[in-house]
Amino acid sequence: MKIFDAKQIYAADSFTIQKQQITSDELMERASLQLFHWLHQRMQGAPVKIHLFCGIGNNGGDGLALARHLQEHGYHIEVNIVNYSEKRSPDFLTNLDRLKARKIWPNILNGDSAFPSIGVDDIIVDAIFGIGLNRSPAPWVVDLMKNLKATGAFILSVDVPSGLFMDRGIEDPEFAVEADFVLSFQAPKLVFFLPETARYIKQWDVLDIGLDPEFLEKTETTYKLMGKAEVLPLYRPRQKFSHKGHYGHALILGGSYGKIGAVILSTSACLRVGAGLVTAYVPQCGLLPLQIACPEAMVLTDKGEKYISQIEFDLEPSAVGAGIGLGTEKETVSALSAFLDAQKSAMVLDADALNILSQNRKLLDKIPEGSILTPHPKELERLLGSWKDDFEKLQKTREFSVNHRCIIVIKGAHTTICAGEKCYINNNGNPGMATAGSGDVLTGFITGLLSQGYEPLAAAIFGVFLHGMAGDLAATEQGFEALTANSIIDFIGKAYIELLRPPQTQEQQTEETEA
Ligand SMILES: NC(=O)C1=CN([C@@H]2O[C@H](COP(=O)(O)OP(=O)(O)OC[C@H]3O[C@@H](n4cnc5c(N)ncnc54)[C@H](O)[C@@H]3O)[C@@H](O)[C@H]2O)[C@H](O)CC1
Ligand SMILES: [K+]
């Protein structure tokens, strides 16, 4: 699912209006009817008081039009205009007139107005600001937003939570509405998926308002949300007459004294995601643990007892994943440097391999083209330097990806894969996956997919998706707290099955619910 920026949404608006020969008011009417149907389906006429807070732009216009539909269907409404500017958009005015024609007189709220009384079981519709927010709200509007939150009532935001900018962080965490639900027109917004702003969006849904599909199809976006539909075409089905050679021989390189577990996790993950053969390259201390923990894997040992000091092997791996538990000893740094001189094909660089690159910047030029770096935010900051907000973080990551011709996987909630100027936002996973070794497993998954012939970008996107899906399946059985890195490995098979399960027909869904 494409994620459009404000400029692209406005362009889609005007293209649609012109192509479909409709007025902007008719487009707003479509939007507000979609809002109404979504609410009506869930409320079924319930006598719950609905307080609408409308700004003076088109977001507010949506709110006024929604108020009209609600009132026409017998809902108890109270309309408040948050009068933060003397400007009024034409469609706002049109809908205000329609309310007045129905003898609905909105309260006009200014800086000195009393805050309306709202019960904890009431519903608040936040249509104060939409994607047109261009500066921080006035202090009195911020106070109003705080009061909305203090009511404890359910807050439904129209299009975006008011106060969030579409392209930058906000000045102060209090300057935006924390929405229980956001109804976004046509596509989700980037702010729904960023660590700093996701707190304002507990849940979201998209309402199709009939923007021109051709225009949307043709519009190139920087960001794309990756769900099952987008990821499924990446899957490479297995042929009947295949053998393990078809699925490559992966090499997992890492480990140091006390951190052999990371290599065990990556090696097991690499096998379970489908690599044909896997060899682990570890210091001497890793031989026994690996042979016991992963009998399916072969083991090569470095001459160093406790950490890797010289990487030598006569293997031609089809994919390499390096860095997990590696440590950053001086000899390990020179070993990795020499290894990168010889490594020409794309590989996975994670954990201490990334820390070594950050501490020895001249090694950055040795990253094989197309390689996949999998930092968590702290490791990313060591690579890129600090950032003022998530938007700058993404900008710097894209620049790094372009300059070093590599793919960056920013791990976390909504893991984001940056490949050049494009970013792919993963849409599964859960907080239970924030557990030791989860990243080691992801390295094993991506390396194992590379080993099976997936192109680097496909391996990164598919690996992240399978990792999240396995984590979600594990969480349904184990909950969040008990979920461990091994749980993710154990559920990878079910993740493949779930991914490949044909979509259920309507009757199958009904049968399942009745059963
Ligand atoms: N295709 C669609 O998605 C459609 C979206 N619709 C709705 O339109 C809004 C965007 O409307 P717009 O009028 O451009 O912006 P806002 O409603 O957010 O209005 C803000 C308004 O106020 C001015 N402004 C901005 N920041 C401030 C501030 N801090 N203080 C005072 N004034 C401010 C700004 O200049 C604007 O004029 C979108 O979100 C949807 O809800 C259409 O209804 C249908 C199609
Ligand atoms: K809003």
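Note: Cβ is positioned from N, Cα and C throughout, glycine not excepted.
These numbers come from a predicted model, not from an experiment.
Under the heading domain 'YjeF N-terminal', TrEMBL lists 9-217.
Feature annotation from TrEMBL assigns (6S)-NADPHX binding site to N58, N59, G60, G61, D62, D159, A262, G325, H376, D440. Look at D62 ((6S)-NADPHX binding site): DSSP puts it in a helix. Around the Cβ of D62 ((6S)-NADPHX binding site), the same chain contributes M28, A31, S32, L35, A127, G130, V158, D159, each under 8 angstroms and 6 or more positions distant in sequence.
All protein chains considered, the CB of N59 (K(+) binding site) has 25 other CB atoms within 10 Å. Per TrEMBL, the feature K(+) binding site maps to N59, D126, S162.
Residues or ranges marked as domain 'YjeF C-terminal' by TrEMBL: 227-499.
In the three-state DSSP assignment, the secondary structure recorded for H414 (AMP binding site) is coil. The AMP binding site annotation in TrEMBL covers K411, G412, A413, H414, T415, G439.
For the binding-site residues H376, K411, the largest tally of other C-beta atoms within 10 A is found at K411. Fewest Cβ neighbours within 10 Å among the binding-site residues G60, T415: that distinction goes to T415. Recorded residues A413 (AMP binding site) and N59 (K(+) binding site) have their alpha carbons 29 Å apart, per Cα-Cα distance. Ranking the binding-site residues N58, D126, S162, H376 by Cα distance from G439 (AMP binding site) puts H376 first. Across the binding-site residues listed here (A262, A413), the residue whose Cβ sits among the most other Cβ atoms within 10 Å is A262.
Sitting within 8 Å of the Cβ centre of N59, D126, S162, and not among those site residues for K(+), are the Cβ atoms of F53, G55, G60, G63, A127, I128, F129, G130, S157, V158, D159, V160, P161, G163, V177. On the backbone, the CA of H376 ((6S)-NADPHX binding site) and the CA of H414 (AMP binding site) stand 12 Å apart.
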